[in-house]
């Protein structure tokens, strides 16, 4: 009983007319969640079962899609529960855990895109050295670093937030994102300083590395033959499209903690939904359609499934 009394609850105050449209919201989000799970999982499965796709570039794509699946799973189940609930509440400890998982996995995407950029740089600019540089050990190091560094940075922010005194218990959002900082009476110096460090380490540096790497790729490709330019365009374009998507949504998400009541509630609601909808849907279609080898194997996979269903119905 004492434990229940000591539990701090936070109201998720970012929903728009949830009582009126709860079943509409639920059906839309549930349908999209299933589509996201199926589309991302299918590509990961295709990469897993085909040995010719067991190359660094495709391994990083599978890791990115798997990372995306885990990230949205930290948000969607709670969203679906909230749509059917009379009150949209969450304990502060659960809120911080959601914050930790969401931002750890979200930040990992930029590191994985940086690893992909380096992989393309070596493949296009140093093709003879590619098997030596991008070996299993290098790929494993990239994957471990992509998850461990963000986890450390976000853990510091989450632990510091757990110790903070709260003066507000209404979160202007539909899940626990950067808006959790607006609940605190005073943001501690540790959160402010380490927030800047996190911004530099997890967003700015990976973005600068990616931009620098692709700039070199395009310079060398431009100076090379038509075949090299075509290869660079085919393999780099999907990564750049995903990067632009992440960058735009990251800019909004980073700034949302600094925006108070002046920001319209409906605009905040729609933008927050885009963070958890647009990107997870965008990734599998970009990689499934734009990556030639994945697209080819997907067609074979669906043809095989279709023929099995047809034979079963005969």
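Even glycines carry a Cβ here, placed using N, Cα and C.
Here's what TrEMBL has on this protein:
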- 23-48: transmembrane segment (TRANSMEM)
- 39-287: domain 'G-protein coupled receptors family 1 profile' (DOMAIN)
- 57-76: transmembrane segment (TRANSMEM)
- 96-118: transmembrane segment (TRANSMEM)
- 139-160: transmembrane segment (TRANSMEM)
- 190-215: transmembrane segment (TRANSMEM)
- 236-254: transmembrane segment (TRANSMEM)
- 266-289: transmembrane segment (TRANSMEM)
### Task
Answer with yes or no whether the transmembrane segment (190-215) touches the transmembrane segment (57-76) by the criterion of at least three Cβ pairs under 8 A, sequence separation 6 or more.
no
### Message
Restricting to the domain 'G-protein coupled receptors family 1 profile' (39-287), what is the model's mean pLDDT?
### Response
84
### Query
Cβ under 8 Å to the transmembrane segment (266-289), counting only same-chain residues 6 or more beyond its ends: which ones?
14-16, 32, 35-36, 39-40, 42-43, 61, 64-65, 68-69, 71-72, 75-76, 79, 172-175, 177, 238, 241-242, 245-246, 249, 252-253, 256, 295, 298
